[in-house]
Amino acid sequence: MKEQSRPSDLSKQFLTTKDKFHGLLDSESQGSKREKASESDTVDDSKETSLEEPEPKRLKQNFEGRPDGKRLRGQNKSRPHTKPTAYDEKRLCHSIIQNKECPFGAKCFFDHDIVKYMDSKPPDIGETCHIYETFGKCAYGLSCRFAKAHTTPDFKSMEKADLVKVYEGRTMVKNNMSKELQGRLRKRSVSFEKSEKYLKTLSDNKDKGAQQGNGKTSEKAFIKNTSSDKQPAPVKTVGPLTDADVIKLRPCEKKQVDFQDKLYLAPLTTCGNLPFRRVCKRFGADITCGEMAMCTNLLQGHQSEWALLRRHESEDVFGIQLEGSFPDTMTRCAELINNNTEVDFVDINSGCPIDLVYNKGGGCGLMTRTRKFERIVKGMNYVLDVPLTVKIRTGVQEKSNIAHKLIPEMKNWGVSMITLHGRSREQRYTKLADWDYITTCAKLASPIPLFGNGDILSYEDAMKAKETGVSGIMIARGALIKPWIFTEIKESRHWDISSSERLDILKDFSNFGLEHWGSDTRGVERTRTFLLEWLSFLCRYIPVGLLERVPQKINERPPYYMGRNYLETLMASQNVEDWIRISEMLLGPVPKNFEFLPKHKANSYK
């Protein structure tokens, strides 16, 4: 079922036309637009007066700006890629911020003249610094975009000793990759003892099977030797115990997680960042999971990939989701995570539909490569001290479900929990999730917990989902459209949240973003970018007080409507320029060279 517009769901007094809707927003902001136009002669007039939503950009076969004229490669080819460093004309040396001597001396590329830097620095966004007020000091010092709040007239940073003492020695964010570990990963000097034992067993079984079966692997020997209850290598007796008993954790001795009747915030690529998860935790999410991380990038020590594993102290039940297509890399990555991070479970992504992942055999591709999938699960289970979970879809093709065939096998592989998204790869979001099929799979999975995922946007949807017999519910788009859905489900009510309350939620996200990405120009603009990504979903929410039929359905496209005040109307806009306007209320004016195109409007899936 494709998204539909049903104007009858809203009270007629709030319905309007596209022209009137944008006309109201444009008239309210006309004054600020004229001021911007007078300040800069380079402003694009067509951009200022346009009331239409920008057309999705089309894929360019040739890039005119490149001398070779070669076709662009990779996903999201049409999205603007402005590096965070592009927003800073000059950057202050980190040694000046920390009041230390610069180790690079005259060869340093950054600015050391404080007076000159402060003259060229963009104006402060506000009079109070969230980081300073919360923690007692701001690590970004003079480069902070709220620097006046904690800087003396002679450019010295101030501190609040009482607050500094409270947070002294306290680790707010865990799972940061150390420089020492990154160096060892890049030099390939990290030891993977358990992984090598498991992979050696696979190799030995393959050679043995080739000799005994005329080149064919002995599947029985493989299953026997890599069983989750047995040690792959031959064991030596030590009195009444064996080495296997001493060395290896049995399944019953692994850390256990109570998944029953929990609300699980899905691992959302791009939008499921740490600040957003903190917002959802405040509203009652029980389980959170980091964004999908690619195992090869983690093994190579990529800082950007390791950033996806970070965990805030408020996330009491937290997992990491891994993507990969080969037993060796996935097993080694699981051991790396087991030894260097604090997590409650590890999840295998077997549901990602994008071509970049699927064409390499990962994501949904694992569902059609059963033997590889089995070896990955058993290998990861062997090296992990925490439960291993799996997220799958109904299948790859639209009318060919295969999840019910995989689930009984997964029970034998040692999976602790399964999450089923009720759509196939081909369907994407064009049809409603198949909860009847999820019901069938939940019965097959018992006694292993199975979570259902798809089309949950209200507590009524959640109640119907629980009636199917699932152990819990995973919420994805519903949390992006309204993160307070967790509160609604737990309190069994429809929350007619006001526009000012929603703005406070966005303010909390912005503050969490400044803590996470920084309060300097780069951090502010990175926070803004992720805020805009979220606003591209948040604008789909229709306030309960405006509806004639409650609840709102997730696959129904909101019609044009006037809110009960200007802010509520502004938050309903599908126009990127209006999202930017909301971000400016919280993070100040955007830089002149700022560009943004939401992911779902780019060629992510072309």
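Heads up, the Cβ atoms here are built off N, Cα and C, so glycines get one too.
Just so you know, TrEMBL annotations are computer predictions that nobody has curated.
Taken straight from TrEMBL:
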- 1-86: region 'Disordered' (REGION)
- 7-16: compositional bias 'Polar residues' (COMPBIAS)
- 17-71: compositional bias 'Basic and acidic residues' (COMPBIAS)
- 72-82: compositional bias 'Basic residues' (COMPBIAS)
- 87-115: zinc finger (ZN_FING)
- 87-115: domain 'C3H1-type' (DOMAIN)
- 128-153: zinc finger (ZN_FING)
- 128-153: domain 'C3H1-type' (DOMAIN)
- 203-237: region 'Disordered' (REGION)
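Residues of the same chain lying 6 or more positions beyond the ends of the domain 'C3H1-type' (128-153) and with a Cβ under 8 Å from any Cβ of it are 91-92, 96-98, 114, 117-118, 121-122, 159-167, 511, 514-515, 518-521, 523-524, 588. Per DSSP, the domain 'C3H1-type' (128-153) is made up of 13 helix, 1 strand, 12 coil. Per-residue confidence over the domain 'C3H1-type' (128-153) averages 93 (mean pLDDT, predicted model). Counting residues per DSSP class in helix, strand and coil order gives 10 helix, 2 strand, 17 coil for the zinc finger (87-115).
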